[in-house]
Amino acid sequence: MNSKNITIIGGGNLGSSIAKGLVQSGLLKPEQITVTNLELHLIQHLKDEIGVNITTNNLEAINNSQIVIVAVKPTVARILLNEIKEPLQKGKQVLISVISGIKIQDLEDILVDVPVIRAMPNTAIAIQESMTALSFNEKGLEHKDEVVEIFDQLGATMIIPESQMPAATVLASCGIAFALRFMRAASQGGIEIGLSSKQSLEVAAQIMKGASKLIIENGTHPEPEIDKVTTPLGVTIKSLNKMEHEGFSSSLVQGVVSGHKKILETES
Ligand SMILES: NC(=O)C1=CN([C@@H]2O[C@H](COP(=O)(O)OP(=O)(O)OC[C@H]3O[C@@H](n4cnc5c(N)ncnc54)[C@H](OP(=O)(O)O)[C@@H]3O)[C@@H](O)[C@H]2O)C=CC1
Ligand SMILES: O=C(O)[C@@H]1CCC=N1
């Protein structure tokens, strides 16, 4: 990896987060990373804060790179891919698409004979804590090790068949927003029972970190961990039962399924 350059096309929410994570990881030097955008002033902060190259010239950036990450909105994806297909087909750069709802076949229809990987990360990639799902086309598989090496530096990585990509999009990528909404709701509850807004948020963030680490580091399931907290006749079970009466788990499951239906419509 040390000698390769990466271009990120589309320095928006996710593209900028990927650039930040890459620099923080130390896997590449900032000068090996180029971020492009339609308007340079919108990504000037990346040059100022993390020292990566910035440009509006997609073709030049691609020609100077071996790995190209495309992070534009689905609505402009096809136009963009048609604009950049020539240098990609000539140079055989590895193309990593984080665009949701655009299948490998759609990418291959435009980019003939190019190694293609679909990656579905979340914005915690900026701090190397993403959950990233990866699917490869046949040529992309030749680059599996180096692509996994990159995303392993940026959090946890899961290789999945592309048929699971809609599910991974909802749970891994949208899921960080679901978790943050839980955090906000918990902290609002905290304020109502007497903690300051600052205290509430600090507590809510730390309980989520603690809960995550318990599961990730111990390899256990949430339910036995919940059992350890629920004292008979106690406070926790009173709160949990009220939450469940109000549809807590059910609303989360339905929300996830609803997002899945939406992405399946896009991918069909
Ligand atoms: N945000 C997230 O958490 C996640 C997003 N994704 C996917 O990643 C993609 C990007 O999402 P997100 O970062 O939120 O979107 P943003 O709109 O924040 O970022 C996309 C950026 O690409 C720029 N852009 C558009 N056209 C071009 C072009 N031709 N050349 C260079 N840059 C261009 C846009 O500029 P302008 O605004 O001026 O149009 C914008 O700054 C989407 O396809 C999304 O589905 C996947 C997983 C998680
Ligand atoms: O909301 C969206 O459509 C994108 C895809 C995954 C996360 N954000």
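Positions of Cβ are set from backbone N, Cα and C atoms, glycine also.
Automated prediction, rather than curation, is the source of TrEMBL annotations.
Listed in TrEMBL for this protein:
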- 6-99: domain 'Pyrroline-5-carboxylate reductase catalytic N-terminal' (DOMAIN)
- I9, G10, G11, G12, N13, L14, A71, V72, K73, P74: NADP(+) binding site (BINDING)
- N58: NADPH binding site (BINDING)
- 162-262: domain 'Pyrroline-5-carboxylate reductase dimerisation' (DOMAIN)
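Features as recorded by TrEMBL, highlighted on the structure.
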residue : record               : contacts (Cβ under 8 Å, 6+ apart)
I9      : NADP(+) binding site : G15, T36, N58, A61, I62, V68, I69, V70, A71, V72, L80, I84
G11     : NADP(+) binding site : A19, V35, T36, N37, L42, I43, L46, I54, A71
N13     : NADP(+) binding site : T123
K73     : NADP(+) binding site : G10, G12, I99
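Between the listed binding-site residues, namely N58, A71, the fewest other CB atoms within 10 angstroms of a CB are found at N58. Mapped onto DSSP classes, the domain 'Pyrroline-5-carboxylate reductase catalytic N-terminal' (6-99) shows 50 helix, 19 strand, 25 coil. According to DSSP, the domain 'Pyrroline-5-carboxylate reductase dimerisation' (162-262) comprises 87 helix, 0 strand, 14 coil. When pLDDT values are averaged over the domain 'Pyrroline-5-carboxylate reductase catalytic N-terminal' (6-99), the model yields 97. Residues I9, G10, G11, G12, N13, L14, A71, V72, K73, P74, recorded as binding NADP(+), reach a greatest CA to CA spacing of 14 Å.
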